[in-house]
């Protein structure tokens, strides 16, 4: 069970971003990228339209090639060349942003990539936008953009101008544009973006990484400079996009020395730089142990933990994401993170106004609580439970899922179970079982499994109808069904001693609804030894019958299932063994004397044929034959006794039972044999017939079988019919005869009409 929860933790760390996170980060994107928006050729390229697709594409290709040629020709430090390069890069970036504009965040495998979203005006423009990035790459823009990631050679002493007017600006634009070129629009869903592996590799192969790392190191050139902040931020963003879900590029970033400057950038005064650096570290840390270790060795943890306490939601969101990826599947780093003091600020983020930070914090707490029992207790002691329970009731499905995940881990520790339940955790967890999200269901079920281990929680679970919710739930995946079955088994094992005393008290003194819930639960969970105490001495049976008589179909169904379970527990003997013993010892003459004239002293006439019998055997078999031969009946002295109402084959089978004590009863003859056995008071034979008939009970004939049991006082058959009715309530409740019988206005006349209708059918 714990292994399933650990697998759930890994999957949660890798799941995709929620709609709410996309909305909040979209606002961040608009703020981030808005400052880079420029007009190209006197108009915003996002509004291009009106031309035919072919003409528009040719114009774009010419425009792109023109800018590429400019960039290839003006790699110098002169002010004019720098201005031309800056303008050409802006043109390319605007064209790239036409394919990815308006802002969106992508999260894949736990990494968040800040990218724009395409705005689709019509299908033609979508097709154009979809091809835009490919057009730019195909026009060989990547090599010239990579070239402009580095500063050109300085001019000589007598040269004019310098880099001061555009220092860092060209490099910033190149980094930004290369980051955009790593993004592609999903053709099957224009609102979803992903990273383009071929473009990622192309940009890296063109030599971008060393230059991007060099740009990161410019933070030492002017820590308070706006232009320096801009270029290092764009370099960090580009590294994030290039390394995302690409293990080889993550390794190359580390080899090129990119991690130390990113860690240093966490202390930058510009919050945007901090966020960009944290985003890159988050990507580099995911599923890469060497990168994780280097980030920790570079002493990133103290700064990241300080960032957790930031009032800037974007900063603490990025910080908790980095820490989450660092501790993921890395127990040693997890210990270092806890020793560094991360626990309390992470718990504090559960009350953040940023739902994404809350979600990441809950996930991280679940990871902290994976195996360390002391840590589980500390998390609860430091106040994590109330906000986690509040999150269970959030409208955000991922918040509910993460909080259930964390509570599930915490609930496996005995010290935490009562506290979670008494803080109000049971009801929202039970509610989550109704979710159509399989992961959410499983996390809630796992938490309830932990809570059920504490005796103090059993009555609370039962009192609010928890057993019925566990039994009735429609669970999506098999591990959840297994978990629920183990929870019910765990509850069953607790129904004794003080727990049982508490429940029987509730059944006597609680509110009426609580009494009924307890009676329903105990019918399924109690042992056979306690049935009389619960259902006779403490009035539990009356509560179940009251539910059975309810007009609420759900109450009727629940009561039927409970009564069926009780009856099955009580009915431990087989029908034959349950037959009352004969008042005198049985005497069996044996198979060879059946219808044998040897020593026969009485003859029966059946359908005109003689059947030879022996009085001694008949006298020992039943009270009916004793009365016939020892009483004042005319048969006492008669040599031939006529049997007018039984067929020969039925009579022969009945006599065979009298002579041998056993007989095989087939379904075709069972009902007639039952009537004969009832007529001659052969209780053992009746049980055999009842058992055979009971095997044929169905939704269509159960009412007829029940009437048959009444007609011949067949108690075992009657019990079998009742159990079948209780066990198949859902199927029977829609039958016409059941609907009428359940109607208070149903009368004998209605029954007659219904029977006549059935006969006609």
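Heads up, the Cβ atoms here are built off N, Cα and C, so glycines get one too.
TrEMBL lists 1-19 with the feature compositional bias 'Polar residues'. Taken from TrEMBL, the feature region 'Disordered' applies to 1-56. The compositional bias 'Basic and acidic residues' annotation in TrEMBL covers 27-46. The repeat 'ARM' annotation in TrEMBL covers 207-257, 257-292, 299-341, 383-425, 424-466. What TrEMBL lists as domain 'BTB' is 600-667.
Residues of the same chain lying 6 or more positions beyond the ends of the repeat 'ARM' (299-341) and with a Cβ under 8 Å from any Cβ of it are 10, 13, 28, 110-112, 263, 266-267, 271, 274-275, 278-279, 281-282, 285-287, 289, 292-293, 348-349, 352-354, 356-357, 360-361, 363-364, 367-368, 371, 375. Averaged over the repeat 'ARM' (299-341), the predicted model has a pLDDT of 95. Under DSSP, the residues of the repeat 'ARM' (207-257) split into helix, strand and coil as follows: 40 helix, 0 strand, 11 coil.
For the repeat 'ARM' (299-341), DSSP puts the residue distribution at 33 helix, 0 strand, 10 coil.
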